[in-house]
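Q: Feature annotation from TrEMBL assigns domain 'GST N-terminal' to 3-83. Positions annotated as domain 'GST C-terminal' by TrEMBL: 85-209.
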Amino acid sequence: MSGKPRLTYINGRGRMEPIRWLLAAAGVEFEENFVETKEQLEKLIKGGDLLFQQVPMVEIDGMKMVQTRAILRYIAGKYNLYGKDLKERALIDMYVEGITDLMQMIMMFPFAPAEAKPKNLASIEEKATKRYFPVFEKILKQHGQDFLVGNRLSWADVQLLEAILAVEEKVPAVLSGFPQLQAFKTKMSNVPTIKKFLQPGSARKPPPDENYVALVMSIFNLS
């Protein structure tokens with residue numbers, strides 16, 4: 001296969017959204033194939049396209065890649081967003097793992113029952129402001145550079161901006177006590193490729209709504 005990467009997933013954020021973010025930050029155009037029914041997913045599985053019978057799938061460089069983090073690592077390495085050496089890659093991996101823990105809470109939030117959402121929202125805010133954001137505030141303050149690792153754009157920066165914006169959708173003032181992250185957000189949002197991705201009409205997906213939740217539940221036989 002050659003040409004643009006082709007992304008197969010539901011028409012929504014989920015586990016594909018960080019992949020969209022990373023490709024967009026790298027300035028890479030991509031195509032999307034949306035799974036809209038359980039039957040479409042079953043056809044992909046029966047056709048042998050999904051190694052572990054799961055989406056997301058990204059077709060790139062002749063491969064049909066699955067497993068979100070494997071896909072992200074490949075993209076980061078291919079487009080020079082994965083540090084200059086093993087030590088920098090270790091830092092990027094470590095930071096990304098932490099951000100992913102926070103993003104997992106945000107990703108699952110729409111699927112919680114209504115009565116659990118106030119508690120879950122409070123937990124997201126508490127984890128963001130007490131556990132995760134203070135780490136990155138300290139890192140940026142200590143080294144005084146614009147980016148988290150090696151003073152150049154990396155996968156970790158892209159995923160942190162995605163997380164900041166996702167938390168802000170639910171807790172608008174979440175960065176009020178984090179001046180370094182406020183400056184980071186502004187700088188990152190003005191990186192030309194990212195600025196383009198943040199504009200209306202891009203491949204960035206909106207926050208999940210009730211229709212998205214219902215679609216996911218239907219496709220994956222969730223109850």
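Note that Cβ sites are derived from N, Cα and C of the backbone, with glycine treated the same way.
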Q: DSSP on the domain 'GST N-terminal' (3-83): how many residues come out helix, how many strand, how many coil?
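A: Residue counts in helix, strand and coil order: 32 helix, 16 strand, 33 coil.
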Q: Average pLDDT across the domain 'GST N-terminal' (3-83)?
A: 93
